[in-house]
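Shown next, in structure tokens, is the structure this report addresses.
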Amino acid sequence: MSNPLRIFVPVKRVVDYAVKVRVNPAKTDVDRNVKHSMNPFDEIAVEEAVRIKEKAPKTEIVAISCGTTKAQETLRTALAMGADRAVHVEVKDDSTLQPLAVAKLLKAYADKEANKPDLFILGKQAIDDDANQTGQMLAGLLNWPQTTFASKVEINGQDLKVVREIDGGLETVQTKLPAIVTTDLRLNEPRYASLPNIMKAKKKPLVKLTPEDLGIDISPRIETLKVEEPPKRVGGRKVESVDELVDKLRNEAKVL
Amino acid sequence: MLASTTSRIALQARATLAQRFYATGAGANTLLYVEHKDGAIGGATLNALTAANKLGGSVTALVAGDAPESVAKEVGKLTGVSKVLFAKDAAYANALPENVAPLLAAAQSQFGFTHLFAGHTAIGKNIFPRAAALMDVAAVSDIVDIVGEDTFVRPIYAGNAIATVKSNDKIKVVTVRGTAFEAAAASGDAASEEAAPSADKPALTQWISEEIQKSDRPDLGTAKRVISGGRGMKNGENFSLLYDLADKIGAAVGASRAAVDAGFVDNSLQVGQTGKIVAPELYVAVGISGAIQHLAGMKDSKTIVAINKDADAPIFQVADYGLVEDLFKAVPELTEKISK
């Protein structure tokens, strides 16, 4: 690679995937007073960037997170995994921060940097809002190619080849950098940050910005009117034998 | 002079009428993006059409591709489709979002669509947010119900909470969960066809190839019955037990992420938050513990059966009928007894 690559990796702090979320009593949101972690798809994005850097050591990885002060914990995790520096776009209340606003913040930051990114690697979706939009929106705003739901990424000079997970199988597309990649679960298995790397990450640079610094209006376009528990299933009935199961399916549930 | 004044008044009157029409809320003017492959309407397009019809107002279908002729004819016959926009160009083959998103934006700008609808499929998810960004509006993903023209219901947190959201943008860009709406049927009357506006085709990506899993069984996303296997299947060969049962009752075969990650089956069979969302009449979970992420993909099934030797597996809490038994004994017995 002639020029060193610069990879931007947006990461989001979300309710940990193993937490069983509960709707708050006011029915406006879920209870957020629970364990948070880096969005699992974003861990895969960081891992992929680090693997690219391991092959091309001059690569620079910039982790970016938009959110409250606590987003810095997530950025430190990305730094401990191998990102070189971090950018925190601080907002007071990240529960109203929506994909279009995040895509605009990311574009504004990319435009502001003297050295432009060659590649954005994002998770395909955040496991809290399940929107699956930010990478595609960013690609649209930048007018860059997008290779979403990636299960394999190959970079060769300025050429990018991506195997994508589609309904029914896989698809291979090819494009040129600069480009957007969004990660699917099978792209890689993220590493754990070692204790020495966690210590080192504390000394890596972290720049703080606000949406105002970037000149972006982040007011939500979508209003959440209410949040409810999903209808409860009345499961839990056991049958004793295959015969009883077949009988119930035929005569009670009538699905056979 | 007099004639021109009269026509100006007539124009003004028409503009006022149009405005009033919109303000009364009956003026949804929806663009439906039609997904298609090998000459057949695909994905959740038929379900998205039913959702679009719930808005009232008119629905225009957009069919783009290198050879969209036969699909456009078929789409024109569907219930509620009043017009078909037709974009024939090699650049629209394989639904490349860099080319299709500007086409959607150009169509919106020419015809003033208030809503854009598509299925929440790999293709819909890929194209719609990009199109929304080009129009500077938010996108609403994976809706399961429609409350009003601007108000939609969608699951969040892997289906563990249900949000009712209101879009304050003038254009609503929406993807629809296929299993939440019936498929629209043909009504017989053919809608008029019209060429779609021309748009930028930046050709930023090049499609190389695809590997589609071939199967004679029904499509997992729309099958009435689904049999899924998990880690408890132990290996890929054992899935033949599920295939035998599936073939007997005309079911599709699915899998948990554990089964996919272990390499038992292809990842296109994965049911869950990150795979397919299914809501069949009968879902049989075999050797699946029932993690939150798996339940997200199947808990709206009408009847759920769990077969697992671990009586404490969380899948039993959602199963209508649970059988605590070794699957290697229970599944062959079930296959045999069902055929009787």
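Each residue, glycine too, has its Cβ placed from N, Cα and C.
Copied over from TrEMBL, here are the features:
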DOMAIN    B:30-216  domain 'Electron transfer flavoprotein alpha/beta-subunit N-terminal'
BINDING   B:Arg231, B:256-257, B:270-274, B:287-294, B:Asn308  FAD binding site
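Features per TrEMBL, on structure.
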residue: B:Arg231; record: FAD binding site; DSSP (3 states): helix
residue: B:Gln270; record: FAD binding site; DSSP (3 states): strand
residue: B:Ile288; record: FAD binding site; DSSP (3 states): coil
residue: B:His294; record: FAD binding site; DSSP (3 states): helix
For the binding-site residues B:Arg231, B:Gln270, B:Ile288, B:Ala291, B:His294, proximity to chain A (Cβ under 8 Å) holds for none
Return the average pLDDT for the domain 'Electron transfer flavoprotein alpha/beta-subunit N-terminal' (B:30-216) as a whole number.
96
Starting from each candidate's C-beta and looking 10 angstroms out, tell me which of the binding-site residues B:Arg231, B:His294 has the most other C-beta atoms.
B:His294
Fewest other C-beta atoms within 10 angstroms of its own C-beta: which of the binding-site residues B:Gln270, B:Gln273 fits that?
B:Gln273
Measuring CB to CB from B:Ala291 (FAD binding site), give everything in the same chain under 8 Å that is also at least six residues away in sequence.
B:Ser256, B:Arg257, B:Gly272, B:Pro314
Starting from the Cβ of B:Ile288 (FAD binding site), draw a 10 Å sphere and report how many other Cβ atoms land inside it.
31
